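To start, the structure under review is shown below, and the notes come after it.
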Amino acid sequence: MTMSKSMQATAHKKPLVVIKLGGSMLKQLSDAFIESLKELMESKNIIFVHGGGPEINEMLEKLQIKSDFYEGQRKTTAEVLEIAEMVLAGKMNKFLTTKLQKHHINALGLSGCDGQLIQASFLNEKDLGFVGKVDDVNISLLHALLDLAYIPVVAPLGKTNDGQTLNINADVCAAAIAEKMQAEQLIFVTNVPGILKDGVLIEEASENFIYELIDKGIIYGGMIPKVKSALQALSNSLKEVMIVSGNNPIIHNGKMLGTKISKKQEVVV
Ligand SMILES: Nc1ncnc2c1ncn2[C@@H]1O[C@H](COP(=O)(O)OP(=O)(O)O)[C@@H](O)[C@H]1O
Ligand SMILES: CC(=O)N[C@@H](CCC(=O)OP(=O)(O)O)C(=O)O
């Protein structure tokens, strides 16, 4: 795909949005959804981070390797890590870049292990094994790609100082990239319309309310890393995190539907 010099020059001037595409819906992403992303790209720079949890589960099952989760994070043995890396950096990363390219999006796939993109350390080696938290992000690399009019598509892995690869939850990875890149917005695209309580969508959720929902068990499993990393990433530049469904176009009748997470105290149920 060719890009004019003027398009390249303006790439870094657009506000940045980080979009995390969950493994829960990656395989079902509709053409309409991707076309709606293209519309968003007219006014925003976008970095994609993708998951692949269900695909990792499927591969582990085929190989009869057991794996458990703790608060939405996969307990990762050396054996599980090998499969996670294969599925995330190989299968899912190439699946998504191919799909985006089919829609003429100039996608460039890489994992957090490439170009020292994600510098990581063990989150909790004793209980979780080879699971990482993000210490730093090579933002120069991401800026360089955006300036060249590439759309980065990141698989959630990282490397320690010693060169050990770690499995990083994709929500955690996306939030860290959004924070370090001073993105304007972070969007988690998943298989539910947002945070639900008794089947009803919560349109806006503050920090206190989210912790209350976790305590009551209303937020559980894969929703936990989303909300926790969202709260951690919110800052003066990143004012809003959205959790949205991948089943509808990202902007619906001019509006983004889902749960908005902010640091504000008020709650709208
Ligand atoms: N309060 C909640 N509202 C909606 N979904 C929730 C809630 N608590 C837990 N979940 C679970 O979180 C899942 C989304 O997280 P996850 O399965 O990790 O998806 P993804 O692969 O998109 O990150 C939902 O499908 C649902 O099962
Ligand atoms: C440590 C950890 O939990 N890693 C995740 C990485 C993939 C992921 O987060 O995928 P989803 O977004 O589809 O959940 C895992 O192994 O499943």
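Glycine is no exception: its Cβ is also placed from the backbone N, Cα and C atoms.
The domain 'Aspartate/glutamate/uridylate kinase' annotation in TrEMBL covers 16-245. Taken from TrEMBL, the feature site 'Transition state stabilizer' applies to Lys20, Lys226. Annotation source TrEMBL lists substrate binding site at Gly52, Gly53, Arg74, Asn167.
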For the recorded positions Lys20, Gly52, Arg74, Lys226, which residues place their CB under 6 A from an atom of ligand 2?
Gly52, Arg74
Given the binding-site residues Gly52, Gly53, which one has the fewest other C-beta atoms within 10 angstroms of its C-beta?
Gly53
Write out the long-range same-chain contacts of Lys226 (site 'Transition state stabilizer'), meaning residues 6 or more apart in sequence whose Cβ is under 8 Å from its Cβ.
Gly72, Asp171, Phe188, Thr190, Ile243
Tell me the Cα distance separating Lys20 (site 'Transition state stabilizer') from Arg74 (substrate binding site), rounded to the nearest angstrom.
18
Considering only the recorded positions Lys20, Gly52, Gly53, Asn167, which possess a Cβ situated under 6 angstroms from at least one atom of ligand 1?
Gly53
Whole-number Å value for how far Lys20 (site 'Transition state stabilizer') lies from Gly53 (substrate binding site) (Cα to Cα):
13
